[in-house]
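Positions annotated as (6S)-5-formyl-5,6,7,8-tetrahydrofolate binding site by TrEMBL: ARG24, GLU81, LYS121, LYS441. Feature annotation from TrEMBL assigns domain 'TrmE-type G' to 218-365. The GTP binding site feature in TrEMBL is assigned to 228-233, 247-253, 272-275, 346-348. Annotation source TrEMBL lists Mg(2+) binding site at SER232, THR253.
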Amino acid sequence: MHPRDQTIFALSSGRPPSAIALVRVSGPQAGLALTTLAGKLPALRQASRRLLRDGAGQPIDDAVVLWFPGPASATGEDVAEFHVHGGRAVLSALLAAISNIPNTRAAEPGEFTRRAFENGKLDLTEAEGLDDLIHADTDRQRRQALRQLQGLLGDRARDWRERIIEASALIEAGIDFSDEGDVPAELRAPAVKAIKALHDEIAKVLAAQGQAERLRDGLVVAIAGPPNVGKSTLMNQLARREVAIVSPHAGTTRDVIEVQLDLDGYPVTVIDTAGIRETDDPVEQEGVRRARARAEDADVVLWLTGPEAKVEERATGTAPVWMVRNKIDLGVSAVGVDADRSFAISARRGDGLPELINALVEFAAECFGTSEGALVTRTRQRDLLHRASDSLRRSLELVEEGEELAAEELRAAAYALGRLLGRVDVEDVLGAIFQKFCIGK
Ligand SMILES: Nc1nc2c(ncn2[C@@H]2O[C@H](COP(=O)(O)OP(=O)(O)OP(=O)(O)O)[C@@H](O)[C@H]2O)c(=O)[nH]1
Ligand SMILES: [K+]
Ligand SMILES: [Mg+2]
């Protein structure tokens, strides 16, 4: 039997133990799973309370079960849901009882969603939105993922694809006429107009994209500087917990330490690094190498110094560098913002931290922009839209030279959008996308 025809099951809720756990079963044997364990099928799409029993008639748990026959189900197949108490022993007894039913097996990661996709329940952009929604950590990420899941990009792409096919029909009609030596401009003109409009619409969506992709990935803030200036102390303050070891000994931090923060809805990764200095200790040298590498990749570097520092050595790389003088509690320096993107703080006492955090929130807002309107959230989506838009532009250039060439480019544009939606030639992307999903999704 093909794996696709097997019935799959998985724990779809979080890790046990939990108050309630949800086990889903999808495929032709889902109904049999219900009748075997719960006695008989419950009413359609209605929660019913049942005592579940294994094959030997031994009780498993007092459960709530649901029955969604396909195609009106999440996957498009027959689906059974078992809501049980989320204990490890309950779950292993339940999963064992389901796996004893012939032609059932544990689901692969993302396999429920993949079946939903294959049954036309969602397109690939929506599946990507679903994955993002499950992994969203902040409110802004959640809202963006939800828009993707609701098919905002998918709907646009479907509309574009249909209009490209219409325009290409006009052009192809021109090809047939041209055999008779008479290329009707009245066919070509509306096609050219339609292609121009399509090209402009896609360009507009692409222009708003970069920020949404970043919102998905988050902003990286690197804390760097010489040893012992208080980098780890600042890290702990921003994280509001003791993530990094602080000590008066220079060279305390060796590895790069990361924390994920939610700064006013923006996802931010703060990294604490080894103090940068010349050293003979090979372990510390490696720490310094990693510190420099991470600072170069960051979106912004907080270059920490002692209270009396001169602005001399600092991180290299393309990221903006903010100068942060620390330990002002030791000196007479004023608190707060010195000059533009230059701060004076006491990481130990907390002076000047609100100003620094506000500046980071503003910076994040600038980086992410108003990504509320952005539809493109992944490189895959952006690349395919670029391909479609390039082909449209080339078809406009070629239409005067010959309809065949223009029609070929239109086909390429429609093909790129088909890939975006997951309608054509997608085995390679499908594997890559769905295997990143959680099991049970
Ligand atoms: N007075 C004062 N001391 C501070 C402040 N911030 C950090 N310190 C102290 O400075 C010392 C070094 O702090 P760390 O946070 O370990 O410094 P670091 O830059 O991470 O050091 P390395 O990881 O070794 O490079 C510790 O004794 C801290 O308590 C501050 O704002 N004021
Ligand atoms: K230290
Ligand atoms: Mg440190």
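Glycine is treated like the rest: Cβ placed from N, Cα and C.
Looking only at the binding-site residues ARG24, GLU81, LYS121, the one with its C-alpha closest to ASN228 (GTP binding site) is ARG24.
Cα of ALA250 (GTP binding site) to Cα of ARG24 ((6S)-5-formyl-5,6,7,8-tetrahydrofolate binding site): a distance of 54 Å.
Less than 8 angstroms from the CB of ARG24 ((6S)-5-formyl-5,6,7,8-tetrahydrofolate binding site) sit PHE9, ALA10, SER12, VAL79, ALA80, GLU81, PHE82, PHE112, GLY440, each of them six or more residues away in the same chain. The least crowded of the binding-site residues LYS121, LYS231, LYS441, judged by other CB atoms within 10 A of its own CB, is LYS121. Only SER232, of the binding-site residues LYS121, SER232, LYS441, have a C-alpha within 10 angstroms of the C-alpha of THR253 (GTP binding site).
When the CA atoms are compared, the binding-site residues lying within 10 A of SER247 (GTP binding site) are SER232, out of the candidates LYS121, SER232, LYS441. Taking each Cβ in turn and tallying the other Cβ atoms within 10 Å, the top scorer among the binding-site residues ASN228, SER247, THR253 is THR253. The binding residues for (6S)-5-formyl-5,6,7,8-tetrahydrofolate are recorded as ARG24, GLU81, LYS121, LYS441; their greatest pairwise CA distance is 18 Å.
The number of other CB atoms found within 10 A of the CB of ALA347 (GTP binding site), across every protein chain shown, is 27.
In three-state terms derived from DSSP, LYS441 ((6S)-5-formyl-5,6,7,8-tetrahydrofolate binding site) belongs to neither a helical nor a strand segment and is classed as coil.
Cβ-based crowding with a 10 Å cutoff singles out ALA274 as the top-ranked of the binding-site residues GLU81, ALA250, ALA274.
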